[in-house]
Amino acid sequence: MKIDILTLFPDMFAPLEYSIVGKAKDKGILEINYHNFRDNAEKARHVDDEPYGGGQGMLLRAQPIFDTFDKLNVTKPRVILLDPAGRTFNQAYAEELAQEEELVFICGHYEGYDERTKTLVTDEISLGDFVLTGGELAAMTIVDATVRLIPEVLGKEASHKDDSFSSGLLEFPQYTRPAEFRGMKVPDVLLSGHHVNIRRWRMEQSLRKTWERRPDLLENYDFTDEERQILEEIKSEGK
């Protein structure tokens, strides 16, 4: 996968050189390029200006962004604009983006963008109902969530399939050695070696956590008969 990031602050992306994303780059699975669109700004490198019609704040001018985009070595990229008014990012969206060969991120700053910038864009994405100072943190979040889903990045294909949201449910609790720590014990079923019971316990825990914390995820979830039965048992406990 090739990723190009248009930003005023390329140094902010240093964390992407570490951990999973950094390893993907080292393996040659991923290429990331950073482009400071101030370098292509006319008018003494000014990238912003006052909005027509008046209003608070400054808007990013279209010219520096367009000229930077025109210089990218891309064919048919998915072009992502980070915007609080965009479609909310989630795990399903990350899985969708992980299928792409080329991604371009446009990171805003100041009050917003000249609307004409959006003619370059295929996707407007938001992390949620809040506003960040710029799009850089949002872009890093999306890159990390997406890159880890690329085959060969995590090593084991199944290693992300049990993550929260990958299955449509929140992840079940997990434990490692020792079996008891400061009086807190690992559930007996996980020490039993009985794989059927362990699988059912994990299913029950995942459903319980989702029901208690994110019941909205269950609205469109495709239940198996066993899962539906377990969920009904969980619901009946509170009656």
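For all residues, glycine too, the Cβ spot is worked out from N, Cα and C.
Noted in Swiss-Prot for the protein shown:
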BINDING   G108, L127, G128, D129, F130, V131, L132  S-adenosyl-L-methionine binding site
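Highest Cβ count within 10 Å among the binding-site residues G108, G128: G108. Of all residue pairs in the S-adenosyl-L-methionine-binding list (G108, L127, G128, D129, F130, V131, L132), the one with the greatest Cα separation is 17 Å apart. Between the binding-site residues L127, V131, L132, the minimum number of other C-beta atoms within 10 Å of a residue's C-beta occurs at V131.
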